[in-house]
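**Student:** Structure below; questions to follow.
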Amino acid sequence: MDHFQLKNGVLHAEDIPLTELAEIYGTPVYIYSAATLRRHAQVFREALKPAGRVHLAFAVKANPNLAVLNILADEGYGADVVSAGELNRALQAGVAPEDIVFSGVGKTADEMRHGLQTGIGQFNIESAEEGHELAAIAAEMGQTPAIALRVNPDVDAATHAKISTGKAENKFGVAIDQAPALYAELSAKPSLNMRGIAVHIGSQLLSLDPLEQAFGKVGDLVQTLRGQGLTVSHVDLGGGLGVPYAPGEVPPSPADYGAMVARVTRDWDVTLMFEPGRVIAGNAGVMLTRVIRVKQALGNPFVVVDGAMNDLARPALYDAWHDFVAVQPNGETMAAHIVGPVCETGDTFARDREIDAVAAGDLAIFRTAGAYGATLASTYNSRALVPEVLVDGSNHALVADRIDPATIMAAERVPEWLK
Ligand SMILES: *Cc1c(COP(=O)(O)O)cnc(C)c1O
């Protein structure tokens, strides 16, 4: 459920007509709904009530906007971060350091030091090499950080290959059969507080089966480790729950997910940690765009919009579907391709799609753009960096500026010797 609904024939974000926001902020622009973010945060938390002791950390990479992080921090969410930049954003947004989990396969020594200095709650380490390096740095700094070992359970998440992370050939985690030896070795390091296992098999999962399979393997591992006399007090089950993008796509509900988790983990006696991203932010945002022109062609016409692959990269990256809806639909439909102005054939949002009839100058939105949307934007083709606006009831504010090409050009230099 989201708060982008038609009222009197005009799509609104909560109480505000999108026509008004387009007038004020221009297009393309991302629009987020605070009420939707809060609702999703609460629904997810509620869904995990049956699972006992839980810690929730929003996956910052899904939507790192400071205003968004502020809302989620207020909802009691920690942060799952994958770089020093994300760590700083989480702190800036008011997330308590102890509620921050540092994930990722390529933390640098500097990033480890930064995490230790700021006193984050947990490092999820992804290799023996990383474990040894962190142990050495922590010893140097006289610290004993809490650690979870991320394992790769070798299950097929049945999602797009570029967002699948839990197969043996993926770069993430350590092979689950090598985990007991490494966990024991790292537990013996006085500068590490080895306390748990982490797993995250991929994103936009539309079935609970691969998750259940992975969690089952993690449960077996917890038993094995305890059998060796090792301590396991935390298990981080990652994120990954899908959201509906295309018509007919029905992801598992958070409640079904919570029930499955409660059933599978019933005997674990651990604090369960979660890192949801998309399921919190996906439907809380849209990208508002204006039709530049409708170009007639041999087949269906091309609807050329002012948003492009540099603003919303998911279709080009993952063949992703985003619903395209007119802001003031006239009740008619048309079959069309939807494309942006960038000089790449990949700058295509949809082909041969039945959409609301639109004409030059009309406004439309791409739905479900609140996760992996603005954060993946670039300035390719010397376009502006797309701005972001937050709506909260009848309040609205620019929460990320449109950075125009002149500002970006101002950061470039021509060396003296070329002048
Ligand atoms: C990307 C990521 C997440 C969030 O995934 P969603 O599918 O957005 O829920 C959680 N944990 C880790 C380690 C990730 O890399």
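For all residues, glycine too, the Cβ spot is worked out from N, Cα and C.
What TrEMBL says about a protein is an automatic prediction, not a curated fact.
Feature table excerpt (TrEMBL):
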| type | residues | note |
| --- | --- | --- |
| DOMAIN | 33-370 | domain 'Orn/DAP/Arg decarboxylase 2 C-terminal' |
| DOMAIN | 36-281 | domain 'Orn/DAP/Arg decarboxylase 2 N-terminal' |
| MOD_RES | Lys61 | N6-(pyridoxal phosphate)lysine |
| BINDING | Gly240, Glu275, Pro276, Gly277, Arg278, Tyr372 | pyridoxal 5'-phosphate binding site |
| BINDING | Arg278, Arg314, Tyr318, Glu344, Tyr372 | substrate binding site |
| ACT_SITE | Cys343 | active site, proton donor |
**Student:** Consider only the binding-site residues Gly240, Glu275, Pro276, Gly277, Tyr318: which of them have a Cβ under 6 Å from an atom of ligand 1? Write none if no residue does.
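**Tutor:** Cβ < 6 Å from ligand 1, in sequence order: Gly240, Glu275, Pro276, Gly277.
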**Student:** Out of Lys61, Arg278, Arg314, which has the highest number of nearby Cβ atoms, where nearby means within 10 Å of its Cβ, if these are the recorded positions?
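**Tutor:** Ranked by Cβ atoms within 10 Å, first place goes to Arg278.
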**Student:** So what's the mean pLDDT when you look at the domain 'Orn/DAP/Arg decarboxylase 2 N-terminal' (36-281)?
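**Tutor:** Mean per-residue confidence for the domain 'Orn/DAP/Arg decarboxylase 2 N-terminal' (36-281): 96 out of 100.
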**Student:** Enumerate the residues of the same chain, Gly240, Glu275, Pro276, Gly277, Arg278, Tyr372 excluded, that satisfy the criterion Cβ within 8 A of the mean position of the Cβ atoms of the recorded pyridoxal 5'-phosphate site; list them in sequence order.
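**Tutor:** Near the pyridoxal 5'-phosphate site, the remaining chain residues are Ala59, Ala62, Ser203, Gly239, Leu241, Val279, Ile280, Ala281, Ala371.
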**Student:** Measure the Cβ-based neighbour count of Glu275 (pyridoxal 5'-phosphate binding site), defined as the other Cβ atoms within 10 Å of its Cβ.
**Tutor:** 26
**Student:** Rounded to a whole number, how many Å is the Cα of Arg278 (pyridoxal 5'-phosphate binding site) away from the Cα of Lys61 (N6-(pyridoxal phosphate)lysine)?
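**Tutor:** One finds 9 Å between the Cα atoms of these residues.
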**Student:** Run through the Cβ atoms and count how many others sit within 10 Å of the one on Tyr372 (pyridoxal 5'-phosphate binding site).
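**Tutor:** For Tyr372 (pyridoxal 5'-phosphate binding site), the count of other Cβ atoms within 10 Å is 23.
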**Student:** Out of the recorded positions Lys61, Pro276, Gly277, Tyr372, give me the one sitting nearest to Glu344 (substrate binding site) by CA distance.
**Tutor:** Tyr372
**Student:** Measuring Cα to Cα, how many Å separate Pro276 (pyridoxal 5'-phosphate binding site) from Tyr318 (substrate binding site)?
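**Tutor:** About 19 Å separates the two Cα atoms.
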